[in-house]
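Novice: Sharing a structure, written as structure tokens. Questions coming.
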Amino acid sequence: MTYAGVLARYRAWMDIPAHTADITLLEGNTPLIPVPRLAEEMGGGFELYIKFEGLNPTGSFKDRGMTVAISEAAGRGARAVICASTGNTAASAAAYASRAGMRAIVIIPEGKVAAGKLAGATAYGAEVIQISGSFDDALSLVVEISRRHPVALVNSLNPYRLEGQKTAAFEIIETLGAAPDWLCLPVGNAGNISAYWMGFTQHHAAQQSGLPHILGVQAAGSAPLVLGHPVDHPETIATAIRIGRPARGEQALQAAEESQGRILAVSDDEILFAQRRLAASGVWVEPASAAGIAGMFAEIRAGRMQPKGQRIVAVCTGHGMKDPDIIARQMPAPRLLPVELRALEDAVLEEK
Ligand SMILES: *Cc1c(COP(=O)(O)O)cnc(C)c1O
């Protein structure tokens, strides 16, 4: 198991072409962290775990899918990849493309990409292009370009992305010994929720590991799957799920329905509250990643989810360091004291 990424570990479970290479950064194998104090805050009596996908090599779950998409493209001799991105796909595509010696061209919506993501994409050597439009506009453009030119599309419309992302479901089953009762996760372009459902159903068909109910969570200002229609100008501080026309929306609705779960929306305030509560248990995630927990909070508080005796897994999709500005905006800057013992003593002894 050492030195193995998701392809080395799960290739036999993936529906991928034989030419698929193994371009890996040893992604996956992320921890499933118990957060008992957070469960207590919601009344207790149940097991709550965080699947911390922010610990992947580029800081988000996108790496699980990207290793497979890039490995497939590299295996058939592709020289360049392209994607639209709210940021994390860009950083991930850039890292894996560099590793494969390929060009990465990433298209991002103007001014709405978190600092850590843009820095990542640039550091890994991507050609980053902003458009004066939304993620959805960027996605339609790259789909068209990849049809006309020999550049591989690595958005989650690419089926190999999902083949890689579904491996997170396998890891959860392996750690818990069975599927959890509920899986809560954010929903943006809806690739990840679709991939998890693929993974759980595939594993259950092979080994009767059980199936979770899926709780997909959108941000209220960009909740096309809750509203039942596209959102032209999606808004939310959770930029990773600021998407008005989810490419895999139908599949996401199907996953929610088949699993006897649901898709709901939470406000930005609920997302930021959940982000702070997670951090209070030592898990710092970017805002979008806190949406799953925010949705779970909302459901429990409204009495629509009875957690007693259940096992609940919340997927935290990206690391908090991806979006440092959101913290800086909410919190006061550290205070500055003179170099004096008395002043420091006063500050330390002050009740908070
Ligand atoms: C991409 C992303 C999402 C949304 O995943 P989809 O597959 O687009 O639904 C959520 N959180 C983070 C941190 C992401 O990078």
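Cβ atoms here come from the backbone N, Cα and C positions, even for glycine.
Sharing the record's features from TrEMBL:
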BINDING   N88, G188, N189, A190, G191, N192, T317  pyridoxal 5'-phosphate binding site
DOMAIN    23-318  domain 'Tryptophan synthase beta chain-like PALP'
MOD_RES   K62  N6-(pyridoxal phosphate)lysine
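What's the neighbourhood like for these features in this structure?
Specialist: In the three-state DSSP reading, N189 (pyridoxal 5'-phosphate binding site) counts as coil. Sequence-distant neighbours of N189 (pyridoxal 5'-phosphate binding site) (same chain, six or more apart, CB under 8 Å from its CB) are F135, L139, N155, S156, I243, P246, A247, R248, listed in sequence order.
DSSP classifies K62 (N6-(pyridoxal phosphate)lysine) as helix under the three-state reduction.
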Novice: Would you report the average pLDDT that the model assigns to the domain 'Tryptophan synthase beta chain-like PALP' (23-318)?
Specialist: 97
Novice: Quick check: with N88, G188, N189, A190, G191, N192, T317 left out, which same-chain residues have Cβ atoms within 8 Å of the centroid of the pyridoxal 5'-phosphate site Cβ atoms?
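Specialist: Counting only non-site residues, the set is K62, S156, P186, V187, I193, A240, I241.
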Novice: Taking DSSP as the reference, which of helix, strand or coil describes T317 (pyridoxal 5'-phosphate binding site)?
Specialist: coil
Novice: If one measures from the C-alpha of K62 (N6-(pyridoxal phosphate)lysine) to the C-alpha of N88 (pyridoxal 5'-phosphate binding site), what distance in angstrom results, rounded to a whole number?
Specialist: 7
